[in-house]
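Okay, so here's the structure we're looking at.
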């Protein structure tokens, strides 16, 4: 269809023009036939001419000309069928032949009815009916519309004018609910369309007076009938668009009831009135009444001011909840909440108050309410505090009352977890005194004050304390210069820590906190000699008690003691720095030759003292001691010596020699060690001689000549000396190598020489001429030259140089000549290209002759030219042009000469052979030339145009060409070349011209012409005379040649061939030169094809033909365009091809075919139109989309182009249902269909006058069932029923579905598939199922209705195998097998069997099948019942019962115990009463009692140890370490009395009571009741048993019992007085004997010391304090060992620790002098003193380690190290000091020589800023030399408390023989003291021992700290002791330390280290015991020990 008429006309016109034929043919024709329809026409005509070309042109008043391509029917008949015409339109048809013949015809097309005619149901009402239609295609004058009733009688008729959009008409005043038929006909002019009929109905009237009666699960509906026709009513109850119930009722009914509805739910009720296929409705929102909430609970969740309200949402819907809170009828708060909220909270309430909560469920305007009560938690008391200042056994608590409501307070006192008091006080109380409870001093108790309100309570806790007691036996343990140690015993009761303070007068110096386990403390950093007050305060919380003591530190020794003689021979002066701290005075001693010369006391303000009248040169010692408070400090010693006297009469003589001096003197008076004679010069000693004091002369040789020597004779005595001085000089030496130089000067001579050796004063230089003196100069000795000026040029002189030293001198001579002067006024007189002429004036002074030289580049041009001394000019000839020469004139005098010079330049020559060329360039000229003769510096080349300089350039001399750029094209230039040499120039000229420029912008254009081309260009640059234009063919053959003047810009070539390619060239001409050609190419336009036509077409195919084009062409391009002008397809064909076909085109589409003729890049085209046949639609599908009265048909659009679709729907019986025409649709909905019915649809595709169709089927969805319900719901089955759809609908069956998809069995109990019910089997118990039912329509092709759904849950099964059993006395455990059901959990209740009181009730998760029920009453029967719950379904109950176990009796409170005031005592017994009420029988009846007895001591416990059984009386009597025992068990008779609480029984403890075990028999190991000790404090507890023996009277291993608190101490009576007196007498006798023995030994010791010590001498070599030792029982010999059995060690250690470690300190004092009598002479040698770190820690000579001597040095074998024996070898260890920087090599040498494999280091290199040991090993893995040994670290393992390193060591002489050494470095030993715990060091020692045992061939193990005695001795002793523990049944710590001190001084240096060894042994033994009890042999012995922490209280060096 050609819709774009105007555009198409233009295309056709162009086509006609382009395809016009060459010859005209006359074609007459006759019209044969013409036919029209609505959209097309058919016209035929006949002609007898041939061939003819016709065109059919037609048009209307609404469209322009359109064309129809005629076809030849036969040889003479033509026809054309115009399509796509407009219906109802008048067309003018014109048939035209190409020769001008034509004919005209007028035809009108038929009008079309409306495309869509329908009843507008939206505008149709009860009394009106509106129809509407779309405009007909084409032209319509009006529409005729008729209305018929159901009897086919015409009722109304109307004419409606044409409209551009929808047209409509409404019929009025019709009857409600009646059926009608409407017809419509389109009219256009005289023509009418066929009529179209539709059916319609008016809408029936709705019901009236709709009424509702709501209930929670039902609604009652009532109404009144409306007017008009009614067939039936349909009642639809909907919920949010979903139908809940849908039912039809008879038209006579006026009410209906809906049941099984949701409470409180809002429904949409619609009552539909149905008549004539239409319906009208009235709807109303209706609501069921809501239900009240369930499980309403009001809880406080432990909160004070809020209540949480929770409830379960009621069935159905709730819009909101109205919640009110009230108290005693008054509403306090109300709120409204919306679901799904099922809880809320009321805040800001009064604590402890009872409230009423009411919840109203509101659904719309309806509501239902429910109430419950709840109480808030009472508030805690506020400001709860305890108060105590002075009470040690009581305190008071105060509080502020809480806010809100409460009833009373409960006061509970706790001792940790033990309740001491539980009482109730009134609400008006605000304090409570906790007294009369015998609380323990210093203990912290916890007090809980509980506020009770109803059954709720709230509590607040605080802590209260009793005041602690002060420490006991506080005393000063030790003191030194800066520290003061105190010790004490722990107080009674409890405390948390100690506060240690130290007062210096009124100033607090130290204030520190210590742990409660501390028993001593050392104050450090104190002032020496000062008196301090130390205070120890016991702290318990913020309460305290203090105890104080005074002590004084040892005064400090003075420092920096110096003794100085101040250069005096008979006096010594001493000074020192005052000692720190407090000093009373200083004691100063002067000692000479071990004799005290003076003993003076000086004031503390003095720090110096002097000694007079001393012997010269003597050595004295000064000793200074500080004294403060009667205590002396350590002594400080310094030495000093007086100065010796000097000699006299010193004489010196050189004997006339320059290298010799002799010295003599008189002997000095006094003591002299020797003389020292020295020769010095300028303060530096050149030679010295040591002369014996008996000799008084000496001589020196090999001295320096001329030197003045200072001669010193020194008298030496010790380090001091006296001196005598004089001086003398040696004879000086001569100078050497005199040199005289004129320095190239004419009036000057310089004299130089080599300095004379030795010393001298200066030089004298004299110059002469022929023996006549001229000048003498004095030259300093530092210089070796001098100058003489104003001499005669060229003259010879004599020079003399003399050396002067004091009164001595020596001389040497030499000669020299001055330089002559040069000539004057040397001038270049004349020059040419080859000549130079010079002149000069004569020189001054003496001249022998002149010499003239000519040089070029410093090379001589001619031989030397000699002239007489009178010559003044010379001329050089035959020289080179332009060359630069140098002319020299020399003045000669003797062998010396002087020169003058001048430079000369010859004139340069011009260049030759100039050539100028443009080389085809338009803007440049190239100039070349040949050089002239001689030298040039450069060339200057210039270009001139018309005598104006254009360019000028300087060219290097080696260049011979130059190019001028940026010149004008085609112009003439003059070129000038200048030769330059120095300042001289020469020039030559020449002429040249540039090439003309080519034209630009050459273009060849065809102006779309087929036979001409025009070439154009732009003017050429520069100078041009004319242009030559050449025309050439494509192969370059010249076709034409023309010339144009310089002003021309284009030229046109005519008569060319179409489509042919040409070339054009243009040349610029100037001065006979041609430019480079400029070229362009052009082509004429090719001709288009003619006679273009369509030869064949089909639905996917089009074929075209044409006549070939004239001229030249390359190919054809053929294009096929879509209607939207997009390219569909293209092809390129050969020029000989005259037809082409297109395949696979789009159906029904109108295409445009264009053929383009190509020649080169030019083309010409022709075109024509053609259409393909349309296609049918695809994938036609019908769908009901879950609707019952509609079908949707959808399809894929038809391929290609089309005009519209025609849709025809048929009923199952073949009758047509509906007919529609649409274009752009792919889906159509048919409405008003029967539910479940099958329909057939035809879809016809139209494109132009062509069409195609396809068929599809569809079935509507059947109506759904309704009223789904469940019945007979059991565990595994149920019945389900529903109501089916109406009978007038189509359906076949029902389908039942469910979720979850279990394998169920569905049974239909009826024979018909349409039956409305099924029975379901195989359900899972307790599972929730969702069932849905659908209606099925059809058999093979089924459709389904919307499902109706319902939920149901089966009942869960009950649990299996419930079994309950007791767990303990207050708990039972129940287990069961869960049911094979779906369930949420269990509902569990536990009741007492006797009272049916619920003790336990809870919901339990489904995952659990085991439950522990606790907090029950012991020994009661309980019934446990369990139900399985699954949502709202509950299983059958399952029950089981059991009895709880018996438990230990409840713990009696602290006040329930034996009262010490209610007892009768004797010396061996205690009589008291026990009441049955002391123990409750709630945990079981008390079966037995026992009495527990304990001796009272300071460490008393509150209750007996939880141990069964306790020791018996016999064990207590025979083992002093046992302090507690029990009696035999006796049966309880408390349960025999109805009122057992008042029953009591008497106990007489210690009276051999039968019930307590009776009299004790040592032969029987049983519990008994023996007599108590006289005058002994006992504490008594009663132990009650609820379970002790089984039925066979066998005792349980773990019986159940409880104890009362121990009574307060009850002391038995004393023995008679006679026994006491006897004991006292015996004690006094023993004391007297002991005093006598002590006196005897003291006297004996004093006598021994008086014999050994001289009275007049003081030794300062070794300071050993005196000590007296008493060793009773040893017969005067010191003990060497003290082995202790392992099983007795802990008791032994406790005895040593008694009385502040008194015995242990005494034992350590016994070791003080062990081994000290041995000699240390080798260590004291002066050569070895520097190798000792400390001067008081020296190795004994007998046990020291010796190194191999080096170079026969007897002291090279010394190192401060000692052999120490072990348990296995005599030399098992080497104890040594930490290496010094100078002894590191010796240390490793010792390790190498002693075959050491293991080194133990127990110190840090630096501790507290002080160097303790040098870092003597490599810091990384790089090897280092230590002497001759090479050491390399192999590995390093760093652990938290020690580090293990491995070293590889070898000798430099034996590199292959290396050895591995392990280095064990313990890093946590504190600077002063011992490690904090024993565990760490024990583990370290065992680690080292393990490595030692794995090195069987190794030598001794080296152990060192800093000094090698304290920590070293502790380590060695501990290693030996641990080995004893592993191999023996005894341990000997004393013997081990004694043995160590025999081999090295001070081993185990401090008492705290000695104590620490005992603690290690104790902890190891404890660990062994614990390991044995745990029966775990792998348990480490150093673990699971509760180690005590230790700190050394004594500063020590180790």
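Here the Cβ of each residue, glycine as well, is placed from N, Cα and C on the backbone.
Here's what Swiss-Prot has on this protein:
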- 23-109: domain 'Fibronectin type-III 1' (DOMAIN)
- 23-1622: topological domain 'Extracellular' (TOPO_DOM)
- 292-384: domain 'Fibronectin type-III 4' (DOMAIN)
- 470-556: domain 'Fibronectin type-III 6' (DOMAIN)
- 643-733: domain 'Fibronectin type-III 8' (DOMAIN)
- 734-821: domain 'Fibronectin type-III 9' (DOMAIN)
- 822-913: domain 'Fibronectin type-III 10' (DOMAIN)
- 995-1088: domain 'Fibronectin type-III 12' (DOMAIN)
- 1086-1173: domain 'Fibronectin type-III 13' (DOMAIN)
- 1176-1263: domain 'Fibronectin type-III 14' (DOMAIN)
- 1264-1357: domain 'Fibronectin type-III 15' (DOMAIN)
- 1449-1551: domain 'Fibronectin type-III 17' (DOMAIN)
- 1623-1643: transmembrane segment (TRANSMEM)
- 1704-1964: domain 'Tyrosine-protein phosphatase' (DOMAIN)
- 1871, 1905, 1906, 1907, 1908, 1909, 1910, 1911, 1949: substrate binding site (BINDING)
- 1982: phosphotyrosine (MOD_RES)
Provide the three-state secondary structure of residue 1910 (substrate binding site) computed with DSSP.
helix
Counting by DSSP secondary structure, give me helix, strand and coil numbers for the domain 'Fibronectin type-III 9' (734-821).
0 helix, 53 strand, 35 coil
Specify the count of other C-beta atoms within 10 Å of the C-beta of residue 1906 (substrate binding site).
25
For the binding-site residues 1908, 1910, which one has its C-beta crowded by the most other C-beta atoms within 10 angstroms?
1908
Measure the Cβ-based neighbour count of residue 1949 (substrate binding site), defined as the other Cβ atoms within 10 Å of its Cβ.
22
What is the three-state DSSP composition of the domain 'Fibronectin type-III 6' (470-556), stated as helix, strand and coil residue counts?
0 helix, 55 strand, 32 coil
With helix taken as DSSP H, G or I, strand as E or B and everything else coil, how many residues of the domain 'Fibronectin type-III 8' (643-733) land in each class?
0 helix, 52 strand, 39 coil
What is the average pLDDT across the domain 'Tyrosine-protein phosphatase' (1704-1964)?
91
Just to be sure I understand, if DSSP states are collapsed into helix, strand and coil, how many residues of the domain 'Fibronectin type-III 10' (822-913) fall in each?
0 helix, 53 strand, 39 coil
